[in-house]
Amino acid sequence: MGNQLAGIAPSQILSVESYFSDIHDFEYDKSLGSTRFFKVARAKHREGLVVVKVFAIQDPTLPLTSYKQELEELKIRLNSAQNCLPFQKASEKASEKAAMLFRQYVRDNLYDRISTRPFLNNIENRWIAFQILTAVDQAHKPGVRHGDIKTENVMVTSWNWVLLTDFASFKPTYLPEDNPADFNYFFDTSRRRTCYIAPERFVDGGMFATELEYMRDPSTPLVDLNSNQRTRGELKRAMDIFSAGCVIAELFTEGVPLFDLSQLLAYRNGHFFPEQVLNKIEDHSIRELVTQMIHREPDKRLEAEDYLKQQRGNAFPEIFYTFLQPYMAQFAKETFLSADERILVIRKDLGNIIHNLCGHDLPEKTEEEPKENGLVILVSVITSCLQTLKYYDSKLAALELILHLAPRLGVEILLDRITPYLLHFSNDSVPRVRAEALRTLTKVLALVKEVPRNDINIYPEYILPGIAHLAQDDATIVRLAYAENIALLAETALRFLELVQLKNLNMENDPNNEEIDEVTHPNGNYDTELQALHEMVQQKVVTLLSDPENIVKQTLMENGITRLCVFFGRQKANDVLLSHMITFLNDKNDWHLRGAFFDSIVGVAAYVGWQSSSILKPLLQQGLSDAEEFVIVKALYALTCMCQLGLLQKPHVYEFASDIAPFLCHPNLWIRYGAVGFVTVVARQISTADVYCKLMPYLDPYITQPIIQIERKLVLLSVLKEPVSRSIFDYALRSKDITSLFRHLHMRQKKRNGSLPDCPPPEDPAIAQLLKKLLSQGMTEDEEDKLLALKDFMMKSNKAKANIVDQSHLHDSSQKGVIDLAALGITGRQVDLVKTKQEPDDKRARKHVKQDSNVNEEWKSMFGSLDPPNMPQALPKGSDQEVIQTGKPPRSESSAGICVPLSTSPQVPEVTTIQNKKPVIPVLSSTILPSTYQIRITTCKTELQQLIQQKREQCNAERIAKQMMENAEWESKPPPPGWRPKGLLVAHLHEHKSAVNRIRVSDEHSLFATCSNDGTVKIRNSQKMEGKTTTTRSILTYSRVGGRVKTLTFCQGSHYLAIASDNGAVQLLGIEASKLPKSPKIHPLQSRILDQKEDGCVVDMHHFNSGAQSVLAYATVNGSLVGWDLRSSSNAWTLKHDLKSGLITSFAVDIHQCWLCIGTSSGTMACWDMRFQLPISSHCHPSRARIRRLSMHPLYQSWVIAAVQGNNEVSMWDMETGDRRFTLWASSAPPLSELQPSPHSVHGIYCSPADGNPILLTAGSDMKIRFWDLAYPERSYVVAGSTSSPSVSYYRKIIEGTEVVQEIQNKQKVGPSDDTPRRGPESLPVGHHDIITDVATFQTTQGFIVTASRDGIVKVWK
């Protein structure tokens, strides 16, 4: 006993790969293990990886067909079970050598997942246990029993979704208790001897002996698959419950099984109970659940559904039932195959997710609470997608999600599950993703407040090496992110090290701790660890401080340079940081970098200490004489702060005070305020005696009167003298020989003071000219004194500016992409496209003369001479001399609106110059033919004229379009006031041979057109419908488009008709409906054929005129929205609708052409902004019913009217808010109910504003035409019906904030009533006998309704 073989020994043992020779759809990948029962392999299929289980057929008489049918039935029953993964296919292949089972491949089963990092935490264990019970419940409800639930058959995806697989209904239900051969053969495939089989499935071996007569042969298996004995015992639900309980117990004991075979048999007999294993389950609710599930008596075990109800709020949190299970189930559907789609869906739902998962967390709860809030389950979904994301926007969205969720997650989740993926993103191919990953990593690590034992070396061994390459990244944006975050990274790394050290010290001081030997050794010496950390960070900081891009250095200084000082300590802050920062002042071309230095130096100096003042003094002085005034302001602020902190020695303070005092008269307001701030701080720092003895002498020249409270800013500001004029200051500062200028100004000052008897005029004519210019700009003696006070600053600044110009010539470009026109001596030119009032000619002449002297020859070759009109041009002999005297030569207005002088003679002129002016460059005018004019014009002027003409045309087109939109009318001929059609049939037209799809009326209502599935378009004369003529036949028929014509529309303000067929053809037809004796004609003008695979056929179309464009807008079945410009035969715009929202069924365009709205087969109404071609909003019908027809509301600009499938519902939606405002309900069903006992729908709608009281005509599948009075709904009525319809009434009510007008049938009276008015004589019904497909109106001498139906009939009513 126990040694018998569980199967017939095969004559030939084949490898699992050999069975794939006859299978063409599957390619062998690798073996997943083999047992005597099954050989298991992984194979490749076009839809992904699959698991193939091969059963080698040794006995041809086995009834495999019945097993196959059973598996097929099981697959059908489990079709809707989202936590079950049955075999998708069962086949007998390989020349009947084997039977094969196929199912989707999932990488991990629960047995593997329990022992795989990152280990499952408590909330994940609960979630998996919850799903196991849910899967069992999903299987049991349709009558399926598993038969072999074990950890190897519970698959767990990368996002912790449980799939119960390998349903084993074909395995024996009962096993002999005294022979393990059958158990080993069928159930112990892992060879672990672990047993999950319910004890009642083991029976006395004698039962088998009485039925089997083959016991004499010891090689015969006790259980024969070919006999009927396996069907004797039916699998019970309680058996699966026991197995599931064993799996849940193993899950919560971290892989310790409840039973092996011998223990289970002992448990069956009451000789064993797994109390020791159950006590390892810490949670009381789970332990109680498992104990009930593994009860020895099957009757004492409950159903899976009962356990789920029992443990709701106990073992399983309420959020599993209310949110997580339904939300996570959507990702298990086939529609969510893309990782990018999952991330975008989660980002969209993030607010709702956090509200559901974290809304119960209160501020007073402990810090441990977030670990149990279920967010980790969502994190597993996010992290499972990260490595397979394709698009960079999805990757950025994923990083954004991590950043939002990180503050609500525990430490181990952040370190074990989030950090590795962030380091993965730091190697992404897109620079923006690398940069954002680094920022996110820094912020996530900063949230870690404690360090687990296994992560004590995470920074030096994992994080810093993982991002080290980013400091030398090719993309500046990545290095910028590194510089921005390295201070926080260093600070967090130091905190990690200190937390570890503190934890070790606490453990050493704890005498009861048994882990001292394990902890103190690996950590090593704190100083050694700190030094290694300093070296790693220092290497990257030095790399960033030496970066070729200044913006990287600037970012490093602006983002935590002081924190880096604290990290490195005083010595390294001085040796590493300060020494590199000083070099930034050598860059004379980037004042932003110099300014950032002074912004950052205060924090560094404060940490290094007052010893640095001697080093910083020349740097600060250099900042006070910088060429850029913004840098001076920042230097003043830095000095003020350092003085406040006591970082400046007193001699240095007075020295700086003498340098800064002249700034009190600087023309820059910020500099003056900065100087005042420094002076007031110094006054507070020194004694009163020093204020008046040492500080006041510096201030006296710049204040109007003596003051006492120098330390108050407002007081000092109120007594300051007027600053130097900005124009005088700038002119003097820009002069080339500023030293000689100040020498002469000093001599003039000495003369005023009486030190010199006389001051001779300057010998240098340039200085004389400069002085004359300054005096002409209003320089007074006080201004001269202030300039002399600023002498040292101005000379240094002048020299600094000269150095900048010199350096700019040494380099190709001081800044990439920047051209300094001022440095190159180029004067800008501009032409106003809008005419302004002309200046007097004499002023304009002076301005042009001044500018022309600086214009080079290349500029002249482009624009011609800049000689003003009053300059003597090359005048021909005999020309009017008044031109010279008045300065007004003959002028002509060019087509572009530019005034240009004209020459009137072909002779070569003389070259002349202006009197009392420096000679200007002469310009010769060209020789031209007699009796013509020569316009002195060059290439740039020609292009300028073309630009102006183009702008004028564009402006004119926009003005026309605006006028058209402002004057847009809903319809050219609205129904007459008080129009209420009586339902009298005027014309019955049966020319079409198949369903009529659409009716359209021309703008002036003289024609209306119909299109049909018979491939024809028929044009009819509206005038003939009044009954004054004998015939009402169509005047034109067009049938050359091919296919079934699905839609058509008239072009605004014309007799052009656009039609579209289901064969992809779109044609524009011209209609000549002339009066007699000429016969009407129709001919095609333009056409295009759409790609049926890419676009599909057109489902709806509209036309509108936008002034510059005549746009035919059409929507296709594959989601394309195209605006075809009929004037240029090209597309004005193209929009792409996402087919996830359903196929487009109809669309409508705003009357002002600002937006359009599309309706889909899934009930979605999506709006697009037509100006920017961007989606605006999207709203969905509550029942997701198909949108059959859309129309804009005539009064409310943001409303659309939508006819939807079922209940004859027509609703008016506010697309701005997504609210359903008004509903017409012609159905016996309760209003706004999502149930649809009435299948009838509205197929055609017509709406008119009707002088502020809008009316609506609807018609559809119930073959009735209804007139809806939207202002007075009670006045609505049925215009015409298919038969003698019962009378109806209309009532208004408010339901859930929506105003509903419901049609209710009146009760029929028993006998005939003479009081009931009749709409017409008692005759055959004149209404339609098939679905009405469309409705329209036209006006001649009275109003008419025209309807069409699916049987090809067109009827006209009045």
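Cβ atoms here come from the backbone N, Cα and C positions, even for glycine.
These numbers come from a predicted model, not from an experiment.
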Where Swiss-Prot places region 'Disordered' among the ranges 850-874, 875-899, 1025-1049: 875-899
Stretch of maximal Cβ-Cβ contact with the repeat 'WD 5' (1182-1223) [cut-off: under 8 Å; candidates 572-610, 612-648, 1237-1278, 1327-1358]: 1237-1278
DSSP-derived class (H/G/I helix, E/B strand, else coil) of Phe38 (ATP binding site): coil
Distant-in-sequence neighbours of the repeat 'HEAT 6' (612-648), which means Cβ under 8 A and at least six residues beyond its ends: 574, 578, 582, 585, 588, 591, 594-595, 597-599, 601-602, 604-606, 655-656, 659-660, 663, 668, 670-671, 674-675, 677-678, 681-682, 685, 792-793, 796-797, 800-801, 804
Listed binding-site residues (Leu32, Ser34, Phe38, Val40), ranked by Cβ neighbours within 10 Å, top entry: Phe38
Distance from Asp148 (active site, proton acceptor) back to Val40 (ATP binding site), taken between C-alpha atoms, in Å: 17
Two-stretch contact, the repeat 'WD 2' (1040-1079) and the repeat 'WD 3' (1093-1134), at least three Cβ pairs under 8 Å: yes
Intrachain neighbours beyond the repeat 'WD 3' (1093-1134), with Cβ under 8 angstroms and 6 or more residues off its ends: 957-958, 960-964, 1046-1053, 1056, 1058, 1060-1064, 1066, 1068, 1086, 1143-1149, 1153, 1156, 1158, 1168, 1170, 1173
Pairwise CA distance, Leu32 (ATP binding site) versus Asp148 (active site, proton acceptor), rounded so that it is a whole Å: 19
In three-state DSSP terms, the structure that Asp148 (active site, proton acceptor) belongs to: coil
Cβ-Cβ neighbours of Asp148 (active site, proton acceptor) (radius 10 Å): 22
The repeat 'WD 7' (1327-1358) - residue tally per DSSP class, helix then strand then coil: 0 helix, 19 strand, 13 coil
Residue counts (helix, strand, coil, in that order) that DSSP gives for the repeat 'HEAT 5' (572-610): 34 helix, 0 strand, 5 coil
